[in-house]
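TrEMBL annotations:
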type	residues	note
DOMAIN	4-199	domain 'KARI N-terminal Rossmann'
DOMAIN	200-347	domain 'KARI C-terminal knotted'
BINDING	Asp208, Glu212	Mg(2+) 1 binding site
BINDING	Asp208, Glu244, Glu248	Mg(2+) 2 binding site
BINDING	Ser270	substrate binding site
Amino acid sequence: MAKLNFGGSEENVVTRDEFPLAKAQEVLKDEVVAVIGYGVQGPGQALNQKDNGINVIVGQRKGTKTWDKAVNDGFVPGETLFEIEEALERGTVICYLLSDAAQIALWPTVKKHLTPGKALYFSHGFGITFNEQTGIIPPADVDVFLVAPKGSGTSLRRMFLQGRGLNSSYAIFQDATGKAFERVIALGIAVGSGYLFETDFKKEVYSDLTGERGTLMGCIQGIFAAQYEVLRSNGHSPSESFNETVEELTQSLMPLVAENGMDWMYANCSTTAQRGALDWWKKFRDATKPVFEDLYKSVATGVESQRSIDSNSKTDYREKLDAELAELRDSELWQAGKTVRSLRPENQAVEA
Ligand SMILES: NC(=O)c1ccc[n+]([C@@H]2O[C@H](COP(=O)([O-])OP(=O)(O)OC[C@H]3O[C@@H](n4cnc5c(N)ncnc54)[C@H](O)[C@@H]3O)[C@@H](O)[C@H]2O)c1
Ligand SMILES: CC(C)(O)[C@@H](O)C(=O)O
Ligand SMILES: [Mg+2]
Ligand SMILES: [Mg+2]
C-alpha cells in the first residue's frame, strides 16, 4: 500500500500498479460474487467484474424490468442470473447494491444466508453506520467491507469501457477471515476502480451524504438557479443566462479544472475574469459555509439518513422522485438547456 501526500497529509492508497487485475483474479478465483440489486451501481459493478473475468452472478426479482435489463446485458437466467434468495445462497461475496432504503426490508433474508466465512460488501457506509435506523447488524463470523465508487455507476461503466478508472474509497468494518483486506481490494479493482483510498464506514457515509447534498448535486443546482434567476430578472435572454451559468461551465471550464486544477482554469481565462473571480470566491464561500455547517450537522445527527429511509421506503417513492425530477426538467432553465445542448455541433451531427 502506498502512502501518498495529499496537500501535506499522508494517506493510504492502493493503486493498480501494486494490486493489478491478475492479482485480483487470483484472490477471487474461488469466490462467487453475488450482486444483489441492478439499479445504477449494480449493472456497472456486475458488468465490469464480468468483463474482468470474475465469477459474478446477479440476484434480481423475476418479472421486473431490471431482470430483463440484466438479461439484455448478457446475464443468463439459471447460470448467472437468479432470484435474489438463490443468488444469496450461491454467493460467497454478497454485494448489497439495493437502494439504501430497500436494504432494510431485505436484510432478514440476507442475514439468513450470511454463513461463516462469507463476505458482505457495501458501496456505502449507510446501512452499518446508521444501524439504529436500518437494523443492519451483521453476524460476527463474516467479513464486512465497502468499496464506494466516487461517482455514478453509469460513469463507472463508461470509464471502464474507455480504459479509464473511477476512484473509490474502501473500508473494512469487520475482518472475520483474516482475508478482508485482500478481498476488498481485489473487489475494488475488479469493479473498475482506478485507485482505492482508505476510509471507514462512518467517514464514507458522512462525506458522501454531504457531498451529494452539497457541491456535487444540491448546492450546484441551487447556485445555478440563483444566478440564472438574477440574469433573467435583469433582462437577459434564457439562452444567454443558460450559457453563462451552465453550458460554459460544463463544456469549457470544468474540463480545464479536471485537467489541472482551479488555478489552471483561471489562468486560461482573461485577466478581467481572474481579477473578478479572485475577488468574489471568498464571498461565495462565506455566504454558503453556514449552509454546509447545517448540512453536515443534519447528516451527523441522522436526520438525512432518516429522511432518506422514510421517503424511499414508500411504495410510490419512484413516482414521487420522478415527479420532482420532471419539475426540474420542465423549469425554464433546463428547457433552455435542452435547446442549447441540441445546438452543439456534435449533437446536430447525430440528429442529421
Ligand atoms: N447510484 C450510484 O451511482 C451510487 C454511487 C455510489 C454508491 N452508491 C450506493 O450503492 C448502493 C446501490 O445504489 P443504487 O443507486 O445503485 O440503487 P438504486 O436506487 O438504483 O436501486 C438498486 C436496486 O434496488 C431495487 N429495489 C428497490 N427497492 C427494492 C425492494 N424493496 N426489494 C428489492 N429490490 C428493490 C431496485 O429495483 C434496483 O434494482 C447504495 O448503497 C448507494 O448508496 C450508489
Ligand atoms: C453518485 C454519487 C452522488 O456520488 C453517489 O454518492 C450516490 O449516492 O449516487
Ligand atoms: Mg451517495
Ligand atoms: Mg457519492
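Glycine is treated like the rest: Cβ placed from N, Cα and C.
Those TrEMBL annotations? Automatic predictions, nothing curated.
Feature map: annotations from TrEMBL on the structure.
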| residue | record | Cβ neighbours (10 Å) |
| --- | --- | --- |
| Asp208 | Mg(2+) 1 binding site | 20 |
| Glu212 | Mg(2+) 1 binding site | 13 |
| Glu244 | Mg(2+) 2 binding site | 14 |
| Glu248 | Mg(2+) 2 binding site | 12 |
| Ser270 | substrate binding site | 9 |
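It is 35 Å from the Cα atom of Ser270 (substrate binding site) to that of Asp208 (Mg(2+) 1 binding site).
With respect to their backbone Cα atoms, Glu244 (Mg(2+) 2 binding site) and Glu212 (Mg(2+) 1 binding site) stand 23 Å from each other.
Residues distinguished by a CB atom under 6 angstroms from ligand 4 are absent from the binding-site residues Glu244, Glu248, Ser270. Distance from the CA of Glu212 (Mg(2+) 1 binding site) to the CA of Glu248 (Mg(2+) 2 binding site) is 22 Å.
In three-state terms derived from DSSP, Ser270 (substrate binding site) belongs to neither a helical nor a strand segment and is classed as coil. Taken together, the residues in the domain 'KARI N-terminal Rossmann' (4-199) have a mean pLDDT of 97 on the 0 to 100 scale.
For ligand 2, the nearby binding-site residues are Asp208; that is, of Asp208, Glu244, Glu248, Ser270, these have a C-beta under 6 Å from one of its atoms. Ligand 3 lies under 6 Å from the Cβ of none of the binding-site residues Glu244, Glu248, Ser270.
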